[in-house]
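This report refers to the structure that appears directly beneath it.
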Amino acid sequence: MPVGAAVDLVVPGSSANLGPGFDSVGLALGVLDSYRAVVREAPGLVVDLGEESQDVPTDERHLVVATMYRAWDELGVQRPEGLELVCRNTIRMGRGMGSSAAAIVAGVALASALARPEALEAPEGSPIPLDLDFVNDLSGALEGHPDNASASVFGGATVSYVESRDGERSLPRVRTVRLPLHPDIRPVVFLPSTQLPTATARAVLPATVPHAEAALNSARAGLLTFALTQDPSLLLPATTEWLHQEQRRGAYPQAMALIDALRARGHAAVVSGAGPSVLVLTTTPEQVQDPDEAAEAWQRLGPGIPAVGVQAARATLRTSLGERTAAI
Ligand SMILES: Nc1ncnc2c1ncn2[C@@H]1O[C@H](COP(=O)(O)OP(=O)(O)OP(=O)(O)O)[C@@H](O)[C@H]1O
Ligand SMILES: N[C@@H](CCO)C(=O)O
């Protein structure tokens, strides 16, 4: 990989599950992480977390760096001796806003983009095309479930499924379709101050569910795609589910209390991903307020739904990352 190759990248966070679409349905959210990766002549790794940095390692264990190394291995590309990664993160970690999936998507996309000649030769600031299917496949495999990653890759609302585990490929193949979202749907997110690691939330899930409950869930998952695309008035019944929220209630009791209160008022409230954020899908966002503001300090966001996902461009090294990524 040539010294001087440089890529700027922006990737949205996401919500996952949306009720019955456990591990399959994703929704991109307008909360963005930005990265700059530069191949340096000086050997070694430099990770710049910025002033708002969250608590993550700055060596090869950094999730974006570790993913870049993994993606280069997968692509058969040799790692550069010198690498600088600048991170400007606004997706809060451990909240169910898809931070780890966005970091993995960023890592795969940065590695792919740096391996292309455009990363060195294209005019500064020009877009670098990405093989989004490759980014989606590897990101879903590394994350362990494709829902958040697919939304960060493609933007909008996504439904993902694994096509085969037949052993012909080293990775299962993730297939993703984008739903043509009804234009009136708006997300409202209630962000808590506390974190819940996804691994903890997954550890409390049962190994099996009764067949009758799986059948109920599958009906609502089908209804969810109709409500999201055709008829948002069905979002309340379409976001009822049987696979994960009740089973995790003990892991995020405040989130479930807020969801119960919002749903009792007719709002389609669900746990966002593995929690503990709460997502409400609505056509009347101004009517969605915390019914019990005293109970927990929720930060209310109206992030919008980006129509595109991860984007890369030849870095403009004279410009700071924040100024640059605003323009990608
Ligand atoms: N942008 C990032 N940069 C570096 N490491 C990250 C980043 N995002 C997540 N991580 C790592 O992943 C861990 C949190 O991941 P986790 O999956 O628990 O939360 P999440 O991705 O925010 O939530 P969810 O997957 O439910 O949406 C962090 O503790 C950190 O180690
Ligand atoms: N579908 C995942 C999303 C969190 O990463 C879960 O609920 O565990």
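Just so it is clear, glycine is given a Cβ too, placed from its N, Cα and C backbone atoms.
If you check TrEMBL, you get these features:
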| type | residues | note |
| --- | --- | --- |
| BINDING | Arg92, Met93, Gly94, Arg95, Gly96, Met97, Gly98, Ser99, Ser100, Ala101, Ala102 | ATP binding site |
| DOMAIN | 66-156 | domain 'GHMP kinase N-terminal' |
| DOMAIN | 239-301 | domain 'GHMP kinase C-terminal' |
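Here the features listed in TrEMBL are painted onto the structure.
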residue: Arg92; record: ATP binding site; Cβ contacts under 8 Å, 6 or more apart: Gln54, Ser99, Leu191
residue: Gly94; record: ATP binding site; Cβ contacts under 8 Å, 6 or more apart: Gln195, Leu196, Pro197, Thr198
residue: Gly96; record: ATP binding site; Cβ contacts under 8 Å, 6 or more apart: Ser15, Ala16, Leu196, Thr198, Val271, Ser272, Gly273, Ala274, Gly275, Pro276, Ser277
residue: Gly98; record: ATP binding site; Cβ contacts under 8 Å, 6 or more apart: Gly13, Ser14, Ser15, Ala16, Gly26, Leu29, Ile91, Asn148, Ala149, Ala151, Ser152, Gly273
residue: Ser100; record: ATP binding site; Cβ contacts under 8 Å, 6 or more apart: Leu63, Met93, Glu143, Asn148, Thr198
residue: Ala102; record: ATP binding site; Cβ contacts under 8 Å, 6 or more apart: Val11, Pro12, Gly13, Ser14, Asp33, Ile91, Asn148, Ser152
Check: Taking the binding-site residues Arg92, Gly94, Gly96, Gly98, Ser100, which residues show a Cβ-atom distance to ligand 1 below 6 Å?
Finding: Gly94, Gly96, Gly98, Ser100
Note to self: Can you work out the mean pLDDT of the predicted model over the domain 'GHMP kinase C-terminal' (239-301)?
What the structure shows: 93
Notebook entry, point to check: If you take the centroid of the Cβ atoms of Arg92, Met93, Gly94, Arg95, Gly96, Met97, Gly98, Ser99, Ser100, Ala101, Ala102, the listed ATP site, which other residues of that chain have their Cβ within 8 Å of it?
Noted result: Gly13, Ile91, Asn148, Gly273
